[in-house]
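Contents: one structure, followed by commentary.
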Amino acid sequence: MGIQLPVTEDRISDAGASFVLQSKGEWWHAGFHLTTAIVGPTILTLPYAFRGLGWGLGFFCLTIMAVVTFYSYFLMSKVLDHCEKAGRRHIRFRELAADVLGSGWMFYFVIFIQTAINTGVGIGAILLSGQCLQIIYSNLYPNGSMKLYEFIAIVTGVMIILSQLPTFHSLRHVSLASLLLSLGYAFLIIAACIIAAMSKEAPEREYSLESSPKSRVFSAFTSISILAAIFGNGILPEIQATLAAPASGKMVKGLLMCYCVIFVTFYAIAASGYWVFGNRASSNILLSLTPDTGPPLAPAWILGLAVIFVLLQLLAIGLVYSQVAYEIMEKQSADTKKGMFSKRNLIPRLILRSIYMIICGFFAAMLPFFGDISAVVGAICFIPLDFILPMLLYNITHNPPKSSLTYSINLAIIVVFTGVGLLGSFSSIRKLVLDTSKFKLFSNDVVD
């Protein structure tokens, strides 16, 4: 039996909709949220992703990912607009998929994928934040005794406090700050890479790929999975839900804003970082700029300011991606008959959101695999949600003729990225398994 969604869903008793996903935003608010969801410190892994692709294939894959994801998100917005005009405004990805595909298992499949994405991003955000604090600390106190897991615990405590902001819409100013921070540290990193390239301690530049053809193939698909995770945004329907009705057309403006920022930041970070460090680039370019041996390769104030900007933006990203988890929890735990800040709703919100953040922090400390986590999440979660489902949903709702160019393009993307997802899943999980020999639980170092 598929899940039957009513034509006009009554949301009066739905606390997830009434509280977390309030529909009050303008198109620029959606642009802020989209930019926060896509343009984050994961862009610092772009030079690392190029290690498995090289210059030509790297920029080709980066461009293809940009074009396909913009097209995918545009189609997703069109599907949501189509349903809204038909009297069924969907504010959750899982409801949209179940309604259009008429399948109950798709409802739970999307919940599983989104939960994996939210948790993966939450873990990654806390892990990178802890790493940023560790970088600052190690430069101020080179012989300090604090470990990575202690910094992760500090970040987790901060996230517990910030997670109490009650609604997605209440994060609009946080998301604007996130957009500005992403531009700020992108330009600082580019400047640092240029300075590093001209310094006496500049590393030797080597752009060769793996010597074994088999290893090159695995590395390439792992890199593609990382790119998919970097461009991934598994919460577009939830972001569109924050727009005041009617939402039709507003998301396109938000997407254009977001992709202007993507164009400025993604290509510049990828080119400058890979140019300087080549196949020695770390999974976080900041680590390459601050080697374990020898002085930093750029002025301390530039690197320090970039790290602070990254740290602050990571908090915003963790908050944005956690909204789906909070919406799921509060749909079951909150009571819309009581006020949002009533004791009846405030206490469960405080407890459940704190537990969620503690779980993310625990796994971030226990498994410091940022690059590998990005690849696995990209292949298994972001590719089906962002590269396959939107095309399928559009073909079903708009029913373009099978002889049309739109139908052919959508079908080609579905087929190609299904293959890429399968191969990427295998290669990224393989690398994750291989890296298990390089670390111990609660390690003080993030494994590349």
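Don't overthink the numbers, they just go from 1 along the chain as shown.
Backbone N, Cα and C define each Cβ position, glycine as well.
Caution: TrEMBL annotation is automatic and unverified by curators.
Note that this is a predicted model, so its numbers are computed, not measured.
If you look up TrEMBL, you'll see 24-430 marked as domain 'Amino acid transporter transmembrane'.
According to TrEMBL, the feature transmembrane segment maps to 55-75 (among others).
Within its own chain, the transmembrane segment (96-128) is flanked in space by residues 1-3, 5, 40-42, 79-80, 83, 88, 90, 152, 155-156, 159, 232, 234-235, 237, 284, 310, 314-315, 317-318, 321-322, 324-325, 328, 356-357, 359-361, 363-365, 367-368, 370, 373-374, 376-377, 380-382, 384-385, 389, 392-393, 396-397, 446, which lie at least six positions past its ends and keep a Cβ under 8 Å from the stretch. The transmembrane segment annotation in TrEMBL covers 96-128 (among others).
Non-local neighbours of the transmembrane segment (148-165) in the same chain are 126-127, 129-131, 133-134, 137, 171, 174, 315, 318-319, 322, 326, 349-350, 353-354, 356-358, 360-361, 364-365, 368, 442-446; each lies 6+ residues outside the stretch with a CB under 8 Å from one of its CB atoms. Per TrEMBL, the feature transmembrane segment maps to 148-165 (among others).
The transmembrane segment feature in TrEMBL is assigned to 177-197 (among others). Counting residues 6+ beyond its ends, the transmembrane segment (177-197) has Cβ neighbours under 8 Å at 31-32, 35-36, 39-41, 43-44, 261, 264-265, 268-269, 272-273, 275-276, 285-286, 289, 297-299, 302-303, 305-306, 309-310, 312-313, 316-317, 320 in the same chain.
Sequence annotations record features per position, and here TrEMBL assigns transmembrane segment to 217-236 (among others).
Summarising the annotation, TrEMBL assigns transmembrane segment to 256-277 (among others).
Taken from TrEMBL, the feature transmembrane segment applies to 297-321 (among others).
Residues of the same chain lying 6 or more positions beyond the ends of the transmembrane segment (350-370) and with a Cβ under 8 Å from any Cβ of it are 45, 119, 122-124, 126-128, 130-131, 148-149, 152-153, 155-156, 159-160, 163-164, 283-284, 318, 322, 325-326, 329-330, 333, 432, 435, 439, 441-443, 445-447. Here TrEMBL flags 350-370 (among others) as transmembrane segment.
Below 8 angstroms of C-beta separation, residues 68-69, 72-73, 75-76, 78-79, 82-83, 93, 96-97, 100-101, 110, 113-114, 116-117, 120-121, 124, 225-234, 407, 410-411, 413-414, 417-418, 420-421, 424-425, 427-429, 432 of the same chain, each at least six residues beyond the ends of the transmembrane segment (376-397), sit close to that stretch. Summarising the annotation, TrEMBL assigns transmembrane segment to 376-397 (among others).
Using a Cβ-Cβ cut-off under 8 Å and counting only residues 6 or more beyond its ends in the same chain, the transmembrane segment (409-429) has close neighbours at 68, 71-72, 75, 217-219, 221-222, 224-225, 228, 372, 375-376, 378-380, 383-384, 387-388, 391-392, 394-395, 400. Residues or ranges marked as transmembrane segment by TrEMBL: 409-429 (among others).
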